[in-house]
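To start, the structure under review is shown below, and the notes come after it.
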Amino acid sequence: MIRIEGQPVLTAAEMRAAEDAVIATGVTVDTLMDRAGTAIAHAVRRLAGSNAILILCGPGNNGGDGYVAARVLAELGATVRVAALSEPRTDAASAARAGWPGPIEALAEAKPAPVLVDALFGTGLTRPLNGTSPQTPNTPPAKAGAQLGTAIDDVPGSPNWTPASAGEVSVVERLHTLTTAATLAIAIDLPSGLATDSGHALTTPPVFHLTLALGALKPVHLLQPAARYCGEIRLLDIGVPVTSQIEVLKSPHLAPPGPDAHKYTRGMVGVIAGTMAGAADLAALAAMRAGAGYVTLLGDSAGPPHALVRAAFSDHALANDRIGALVIGPGLGRDDTARVRLDAALAASHPLVLDGDALRLLDPDRIRALTVPVILTPHAGEFDALFGRSADDKITRARDAAARTGAIVVFKGADTVIAAPDGRVRLAPGASDWLSTAGTGDVLAGAIGAMLAAGLDPLAAAAAGVWLHGEAARRSGPAFIADDLADALRSARASL
Ligand SMILES: NC(=O)C1=CN([C@@H]2O[C@H](COP(=O)(O)OP(=O)(O)OC[C@H]3O[C@@H](n4cnc5c(N)ncnc54)[C@H](OP(=O)(O)O)[C@@H]3O)[C@@H](O)[C@H]2O)[C@@H](O)CC1
Ligand SMILES: [K+]
């Protein structure tokens, strides 16, 4: 099981193309399914210990993976049962089922087990589960002592098999019931019911403890609301080479200051204050805690720390060519003073982090006309206001916005998407729900400002800022306030 940091993320079509490329070299689908099922079996065996396992198999290749996993688990000595939704519809899944020597129960009648493995639907689910299965398999006739090793003629599709006659079963209801009854629920590739690429649920699945992604991560594992159903995510290698412009965010390489460092070599950040001075204070504090050597706050400010250099807002103060990044937007306001300060900031030719009210005062064309590196940090409301609403998925929207403005776009949320104009994307996994409190966005803007001023390229700066922010939140536990979060950036940075 591979941890997900830094891993490429592929859409369903890209994953199929990667598999097809391997198949074109002479490797069969059955071989890939065998690798997938075997990897699943070993992972499940490690997690399940001696607990009994129930594997739910669907009609496609996701179900095929389930049959292979069942066979290998049985060979490994595990107590394993299989329940099927319907007949296999692919040759590979049929072959996999034929390789399972035990009985196959009807999903409608299967009793729970302590460990539940969902191999009903994977990347092939393209429409909602309508709640009923079209071909409910009948329970095979029970033979005395029928356990593992039962003859193959007991399974659906065999001469002894009789199709369902006892009505339809609600797939979704059975999945929920059996998952809830289990103490460990594992989804194969993705929880059944979720769309692979959009982050949406076609049908609401239960919440799993763990999802074993096959061959590569997919957007479903990172985008909300889908990701919250996946639980922990681990990647299983199935020998399919994959590359993508989209990667999971990973911890940044941030070198500590060298012996010849001084405050300016570590990066000077200018933060522009506005009507709500506290927001700019938070951004400035965050820039300092993230490691900036010198932070100056231009405009009215009152709070600590003493290390923050305060100055009146002026074109002269803005013209300081030591400033490596300007942060503008937190608490800026939208009045005439705010517009004057924003115009001056855009004219000052420093790399920019544009947040909050700055995003409300600008339009995409004006951002596109800027010649300095620019990082935008909109939350969903600011994003909609700037780029318009759209039904597209969050990755597509962030990419389009980056291409349109020429800026790095940090589309914030529980599933922050960072997109560059050249199409590269970084996806931040599993943000703390406690980040939903005032001022945390200001902290992010400041942290990104520190990274930009330190000389990281804009995508790396945005990614490093988001990572530090997420790690600081994780370290802060529950019920922190934005001031605590800014302070915790120090410990997040120290953990690298
Ligand atoms: N390709 C490879 O090399 C490898 C792939 N691998 C594995 O394959 C998985 C993808 O397999 P897959 O493409 O067969 O799709 P899968 O998710 O099993 O389901 C499709 C089936 O469900 C049906 N169906 C769809 N919607 C439905 C609905 N609402 N209600 C009812 N039925 C519905 C659909 O029917 P259809 O839409 O054609 O009518 C079709 O029969 C992938 O996640 C990974 O686990 C690995 O083994 C490695 C090698
Ligand atoms: K599944």
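Note that Cβ sites are derived from N, Cα and C of the backbone, with glycine treated the same way.
Residues annotated as domain 'YjeF N-terminal' in TrEMBL: 15-246. Across all of the domain 'YjeF N-terminal' (15-246), the predicted model scores a mean pLDDT of 86.
Here TrEMBL flags 61-65, 122-128, Asp189, Ala279, Gly331, His379, Asp442 as (6S)-NADPHX binding site. Long-range Cβ neighbours of Asn62 (K(+) binding site) (same chain, at least 6 residues apart, Cβ-Cβ under 8 Å): Ala119, Leu120, Phe121, Gly122, Thr123, Gly124, Ile188, Asp189, Ser192. Taken residue by residue with DSSP, Asn62 (K(+) binding site) is part of a helix.
Residues or ranges marked as K(+) binding site in TrEMBL: Asn62, Asp118, Ser192.
Here TrEMBL flags 246-496 as domain 'YjeF C-terminal'.
Mapped onto three states, the DSSP output places Lys412 (AMP binding site) in coil. Sequence annotations record features per position, and here TrEMBL assigns AMP binding site to Lys412, Gly413, Ala414, Asp415, Thr416, Gly441.
Only His379, from the binding-site residues Gly64, Thr126, His379, place their Cα within 10 Å of the Cα belonging to Gly413 (AMP binding site). Asp189 ((6S)-NADPHX binding site) carries neither a helix nor a strand DSSP state and counts as coil.
Each of the binding-site residues Asp118, Asp189, Asp415 was scored by how many other Cβ atoms lie within 10 Å of its Cβ, and the smallest score goes to Asp415. Close contacts with ligand 1, defined as a Cβ under 6 Å from any of its atoms, occur at Asn61, Asn62, Asp189 among the binding-site residues Asn61, Asn62, Asp189, Asp415. Each of the binding-site residues His379, Lys412 was scored by the other Cβ atoms within 10 Å of its Cβ; the lowest score goes to His379. On a Cα basis, His379 ((6S)-NADPHX binding site) lies 8 Å away from Gly441 (AMP binding site). Within 8 A of the CB centroid of the AMP site residues Lys412, Gly413, Ala414, Asp415, Thr416, Gly441, the other residues of that chain are His379, Ala380, Phe411, Val417, Ala428, Ala431, Leu435.
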